[in-house]
């Protein structure tokens, strides 16, 4: 870690990812939209001073504000631009040489009460080289002129943002005869003079002229695509304009995926309280550990004075108290949360933008699939969707989703559509698993509900506090939580219909189907009534959980995207369990699920359905249109996979322990990736080891998986303490949890008020 300002890195260093994506060193660059640029530059005056190269940068910059602008007007004259809707003024002033005229113009802004521009971008040299035929006298005069201008620019830098653009290299082979004297050697001499003279009188001052040298690096890679050997291609100058926008606007707009030039966010009141809590937990655990250690040493060996024999201590381990287990869990969690904060809130580790290539996605996919096959074992039971098989399913899906996120594959629509099916498959399992439990066990007690809710939400609640993010930000957990409550309500509401009751009277099966039809009707109504949906979730306190950026639209979009798949999972569980009860399927080891003929027909239909969906998803041209169809058709590929995986007896009786291991911590993996594997809330990639991308991914992945596994263990330990089986104790704990969230809401309100 070298420290330093990420603004300096943004202005001076970086590399290309592919041909057009510029990656600044150590930080992420946001791609500004027109509306964002206008909001940032409202009531601002920006001035570009220089030659034709600066004029190019001027046009690229104003196109970020208004893409309809055409490059018209006097090429060797001043060009004004104004956006009246946002009161933005951007002027280009034609001063192709650093001379007395340029000095006079800059001096006019330093005198009296003249309104100073908010941003000044200056640069010139090639005309001096051209007019004076590259003479040394011209270079000497350039040094004198820039020496006289430098103090004025430094004075302006106290109240405005001043940038000196270094000269880009030229492609000498393409230069016309009249420009042959402009050589890269001469350009380097002029740039060296500018860097040496600028800020020479204010080296220890914060107000400095910012040297825009990154343009040189960009030009070195792209100048050979220039039309005349002198001027940059359009894509390169657009990159320069975007860098300029990031340097000025990131500290104002604070985009999540624009970490360059953003200061570290201050700790909120709730974050400070969380820090104090974890610190006290660590201290408390250390004190208890020291006390136990001293007691152990005293009792380790006691000599029998009469016989002189040493008594061996008891082999059995002492019982760990509830308080000690609680403090131990919070101690570990505190250390882990510190790592989370350092990775994604403190400006300690580097962050980089994602860049998608087919190889970066498909090669790791093939690798993990081959690896998974090597860990094939026999299942303990051979039922459809048995525990090992569902863990395996969750595991390989989670690994594919992780690779999808880190490779930035969402930009490739066919991959995006298949990943949407994997997310839907998780929800399908939610419907299948919870319906099966309630239908078979008939356990609608508070203990079961609290256990599930705690295991689903514990990590997310802690992250909301530590990382200062709303609950809805971790969208998948709210989604699964709400669907669990919907499944519970559907089955728990009178009349409670469970398998034991239905076995006594077949009419209860129709009663349950009626319940499911009512559920489907409600889902259908809410999906086409956005207003009603938003009203329901805009009521306090639901609004505190489901709002993101001041509204619940994001929540509605996420819910609507997979609205039917949980119902499909419940319906599949009902049909499967009914067939199983009537012994219409064979689940013996090695036996096909149905008769050979029926099994072969179903397998053929499943394979065709699976491939048909993949062909359709791969031919998608419009994400919006495909998302509209996705809720209705995603179940086709999910059911096809379930049948392919379960109809053949051999396939059903084996599983991959490698994938199953990841499946057991799939929820923790999904949530932890936000901050300690990816970065900037999933928008970028965390860089622990700069300069070695593969080694960095290996190290960060190892830490990430270990942390996810540890958090899973902590959650299981705390679930036993926080959610006891005794109803009276559980009620007291629920009152405490209610008090905790009430206090959290109060402090959140105080925090919001202080921000405003």
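Yeah, the Cβs are placed from backbone N, Cα and C, and that goes for glycine too.
Remember, predicted model here, so these are calculated numbers, not experimental data.
Looking at the stretches 659-679, 722-742, the one that TrEMBL records under the feature transmembrane segment is 659-679.
Counting residues per DSSP class in helix, strand and coil order gives 22 helix, 19 strand, 30 coil for the domain 'NXPE C-terminal' (22-92). Sequence-remote contacts of a segment are chain residues at least 6 beyond its ends whose Cβ falls under 8 Å from one of its Cβ atoms, and for the transmembrane segment (600-617) they are 414, 417-418, 421, 594, 626, 633, 636-637, 639-641, 643-644, 647-648.
Beyond its flanks by at least six residues, the transmembrane segment (474-494) meets 423, 426-427, 430-431, 434-435, 438-439, 444, 449, 452-453, 456-457, 460, 463-464, 515-516, 519, 545-546, 554-555, 558-559, 562, 566, 570, 667, 670-671, 674 of its own chain at Cβ-Cβ distances under 8 Å. Remote same-chain partners of the transmembrane segment (561-579), defined as residues 6 or more beyond its termini with a Cβ less than 8 Å from a stretch Cβ, comprise 384-385, 420, 423-425, 427-433, 435-436, 439-440, 479, 483, 486-487, 490, 499, 509, 512-513, 516, 519-520, 523, 526-527, 585, 627, 630-632, 634-635, 638-639, 642.
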